[in-house]
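Swiss-Prot has this to say about the protein:
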- 217-237: compositional bias 'Basic residues' (COMPBIAS)
- 1-73: region 'RNA-binding and homodimerization' (REGION)
- 180-215: region 'CPSF4-binding' (REGION)
- 205-237: region 'Disordered' (REGION)
- 223-230: region 'PABPN1-binding' (REGION)
- 34-38: motif 'Nuclear localization signal' (MOTIF)
- 137-146: motif 'Nuclear export signal' (MOTIF)
Amino acid sequence: MDSNTVSSFQVDCFLWHVRKQVVDQELGDAPFLDRLRRDQKSLRGRGSTLGLNIEAATRVGKQIVERILKEESDEALKMTMASAPASRYLTDMTIEELSRDWFMLMPKQKVEGPLCIRIDQAIMDKNVMLKANFSVIFDRLETLILLRAFTEEGAIVGEISPLPSLPGHTIEDVKNAIGVLIGGLEWNDNTVRVSKTLQRFAWGSSNENGRPPLTPKQKRKMARTVRSKVRRDKMAD
């Protein structure tokens, strides 16, 4: 096992512990709390994959951070902070929409790279809106926190979330997963739109019809889906 992988995990565990103390003292806002919960799941997955105990890793991580801070001068710290790009946290969903439990009548789950896609295949002939909470850096989507599909009535019918055991994903991973989710929902004659905020920072533009541009691979896949559906309908007639 690579030593840098282990030390990175140990430091992440300790920093999560520090952030948890901030929340316990009621000093964190809603996005801060949201990231804390998501990162907790990620750390558990990484700990299981690496075979490391989180409590023990936290103690070692504390020692690493204390050693670095002891060696770090105030001037160097100021320069580091000034040169680091700042990311923004954007929210399509409210805290209630983000934390609400939901259930699927006909569940389907698919893993697309480091992202997990869940769809309720029982949903038909609905208008569906995709909303997401994510961070942005340099005006581009950086990290997806959670994406959910909502009907006009407010029911959750689909979701895309990062896999805790596979931390880290690219903007292309997110766009591919959205394409899969759209295809799955449209299979049952649902009309799917993507929020303007998500379109802007994932694709760099927004369409009035709420549809992001699809990649050639996604277009071919959706064309095959349409042809298959037409053949199925003809056989039914």
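Every residue, even glycine, has its Cβ placed from backbone N, Cα and C.
Outside the motif 'Nuclear localization signal' (34-38) by six or more residues, the chain places 16, 19-20, 23, 28, 89, 95, 98, 133, 145-146, 162 with a CB less than 8 A from a CB of the stretch. Confidence across the region 'PABPN1-binding' (223-230), taken as the mean pLDDT and rounded to a whole number, stands at 51. Taking DSSP states H, G and I as helix and E and B as strand, the motif 'Nuclear export signal' (137-146) has 0 helix, 8 strand, 2 coil. In the motif 'Nuclear localization signal' (34-38), helix, strand and coil residues by DSSP number 5 helix, 0 strand, 0 coil.
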